[in-house]
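Take a look at the structure below.
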Amino acid sequence: MDSFRFALSFALMVCLSFLLTFYIYFRLLYGVKKNREVPRWIYKFGKAFQGRVYVEYENATTSTALWDANIFLFFWLLSNVLSFAFLYYKSGNYYAAVYQCCKLQFLIVLLAMMLHSLFQFFRMTFHSSREARRWYSTTNALSWVAFLSGFLLASFVSTMGFPESPLTAQIDGTKLIVGSTKASSLIDAGFSFAGKSAESKVTNKRNDPFYYGEYLEITKDGKSYGFMSVTPTWKDEDALKNCTITYYEIPGDCAQLAEVQFNRVNLTALSLSDFQTKKITDIFSLKPANYKEIQNESYYVLTMQTKDYALWKNYSLYAYFDTNGVVFYYGTRAQQSIWE
């Protein structure tokens, strides 16, 4: 839970940094429209950041200063668009391109700052007017706060990961999203958990990083549909109906295997050769932004969101086969620090 709080605080810091960036811009925009000065701290903030060459920044809330800030924002937007276009062309995955842009935001803002400085240099070279030779503290404040925001975002995404869409299972026509679906949804659909009623207490002992809560068999009309881990969401103990399904497993010899699908793919239609010749993401038509596949002779695992799962859930899909190539079991799991 402590890691979840830290990740949440980190995310809040990133959001506040971006809010400060756009606050500075909109205060400048408002000041120009209303013919008022921006707060003095923005001027001081802009003058505080200096490179190797000392620059005398001018304190001004004018249309020219606003135009200069707009130029920087344009280069920032352009850098993002070009980076996204290149990454999308390279991967063919829209979501992965967004993820990579966030990871590279520090370098993207740096590129925008360099382009803005280059623009200023050419402007000063080819225009001799006094206006062309001015450097504004408002734009400098805006660009450096944007730089800080980009650095924080890149650090956050690199360490905390990026939210992924979970794999959806269908059990006898009932939708199951591991990590989100409550046990009550399955109970309402006619399923029951072995040895438990809806009001039975479930305890999460927090002694296993994979199997949270309690591991129970799930049945319907007397037929087994495999096993699930049911986990109290925010507590150590809760009624079964309030618990979240954090793991689902169905053995290969289960008579109801034909009634189970992962992401609209019927599990009985799969064989060992599918996993040997195709990527797991292709088998289940998945396009995660950040993932890892483990493939060997009998053990196949897809993990989506491979970074720390303090804030964003980590999703895994498993396929185990015996030495004869017969499926042993399929499984799907969600992990998050709040359950550990």
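Any Cβ shown, glycine's included, is placed from N, Cα and C.
The annotation transmembrane segment is assigned in TrEMBL to 6-26 (among others). Panel annotation: around the transmembrane segment (6-26), residues 38, 42, 69, 73, 138, 141-142, 145-146, 148-149, 152-153, 156, 160, 308, 310-311, 337 of the same chain, lying at least six beyond its termini, place a Cβ under 8 Å from a Cβ of the stretch.
Per TrEMBL, transmembrane segment is recorded for 71-89 (among others).
Look at TrEMBL and you will find 104-122 (among others) tagged as transmembrane segment. For the transmembrane segment (104-122), the list of distant contacts is 71-72, 75-76, 78-80, 83, 135, 139, 143, 146-147, 149-151, 153-155, 157: same-chain residues at least six beyond its ends, Cβ to Cβ under 8 Å.
Residues annotated as transmembrane segment in TrEMBL: 142-162 (among others).
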